[in-house]
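What follows is a single structure, written as structure tokens, with notes after it.
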Amino acid sequence: MSTASHLIVGPGALGRLLALHLAGSQPVVLAGRRPLPPEQTLLTPEGGHRIHRLTMADSRRLPPLAPAFLHLTTKAYATEAAYASVAAQLPPATPLVLWQNGYQVQPSLSLRHTGPVLCASTTEGAWLASDTRVVHAGHGLTYIGDLDNRYPELCRSLAETLTDTGLQASAVDDIRVRLWHKLAINAAINPLTARYRIRNGQLRDRPFRSMVNQVIEEVAAIMAAEEIPAPEAGWNELVWQVVAGTANNRASMLQDVLAARPTEREAILGPLLAAANRHDIAAPCLIALEAALASPDSHR
Ligand SMILES: NC(=O)C1=CN([C@@H]2O[C@H](COP(=O)(O)OP(=O)(O)OC[C@H]3O[C@@H](n4cnc5c(N)ncnc54)[C@H](OP(=O)(O)O)[C@@H]3O)[C@@H](O)[C@H]2O)C=CC1
Ligand SMILES: CC(C)(CO)C(=O)C(=O)O
């Protein structure tokens with residue numbers, strides 16, 4: 001049985017970014033559902049490149065492995081299926097690391113998986129240029145924690161490993177709050193940019209600015225009811241800072257809509273709408289965005 005330290009399932013933008021950072025110093029296996037060339041190139045934000053020959057595997061037929069970490073880097077809507085396909089092939093106590101945006105898979109898999117479940121919330125940015133190239137668009141920060149704070153040492157050790165490879169990471173004891181803060185940002189930016197096919201910075205213009213502010217108002221009320229502490233600078237500042245910092249970006253949800261792929265709307269809007277329902281809070285803007293994105297016309 002191989003002692004590959006990191007098994008990464010989901011060889012997309014984030015999975016390859018992670019694999020190509022870890023590969024210089026750690027045993028890594030990158031697993032997916034379709035064959036990819038083992039030689040992979042990472043284009044760095046500084047304009048350089050790193051090439052590694054990665055060990056690739058079919059996620060449905062893994063070689064015998066006992067990894068120190070199983071990283072799931074699929075989109076939120078594909079994560080349960082990816083987990084189901086690999087979990088039975090691995091020792092049940094294998095630590096799992098969930099890299100998804102939103103707050104959908106984190107609570108359910110934390111309950112279901114028998115080993116430790118760590119959650120990563122990252123502001124790294126990556127996109128795929130081809131089957132052999134991933135572009136690291138911008139450096140970010142990654143927070144690692146588990147929902148019940150049962151594995152602080154494991155979180156620290158993973159954060160140190162990631163930082164050593166060039167992905168700056170910290171272990172935190174409030175990952176739930178951090179995931180909800182990121183979800184607030186994604187809820188205010190992604191659905192509107194996807195619905196109106198605009199770049200993030202255009203949200204500052206009329207008529208979108210007031211729509212963003214209305215979404216923030218609804219999100220803030222839901223967060224308060226869920227007892228998620230507001231960021232120090234307030235919800236408005238949190239969102240508008242990210243809009244300014246990513247003004248030229250096409251948000252991931254817009255990219256998904258343009259490429260006719262499913263979006264992560266359920267993982268981002270779903271937990272907010274469920275909480276609004278639980279606390280009897282009106283959320284007309286979030287409901288309208290969810291309905292617009294759920295409609296088959298959203299991809300036209
Ligand atoms: N990219 C980024 O910069 C960031 C991404 N994130 C989050 O990370 C997650 C992943 O995003 P990203 O990397 O961009 O997404 P991608 O779509 O680029 O990658 C997802 C990968 O998962 C694979 N996959 C899907 N189902 C399975 C399965 N059952 N078994 C194995 N592999 C599977 C897909 O392969 P296939 O080709 O077969 O469909 C694809 O390679 C998302 O939740 C996203 O929100 C968070 C912060 C930044
Ligand atoms: C922060 C933001 C909105 C940047 O585009 C993002 O996370 C995304 O596109 O999903």
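Including glycine, each Cβ sits where the backbone N, Cα and C put it.
Features reported for this protein in TrEMBL:
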type: DOMAIN; residues: 7-148; note: domain 'Ketopantoate reductase N-terminal'
type: DOMAIN; residues: 174-289; note: domain 'Ketopantoate reductase C-terminal'
Inset, instruction - Go ahead and report the DSSP secondary structure tallies for the domain 'Ketopantoate reductase C-terminal' (174-289): helix first, then strand, then coil. - result: 84 helix, 0 strand, 32 coil
Legend entry - Secondary structure content, the domain 'Ketopantoate reductase N-terminal' (7-148) (per DSSP, counts of residues): 30 helix, 50 strand, 62 coil
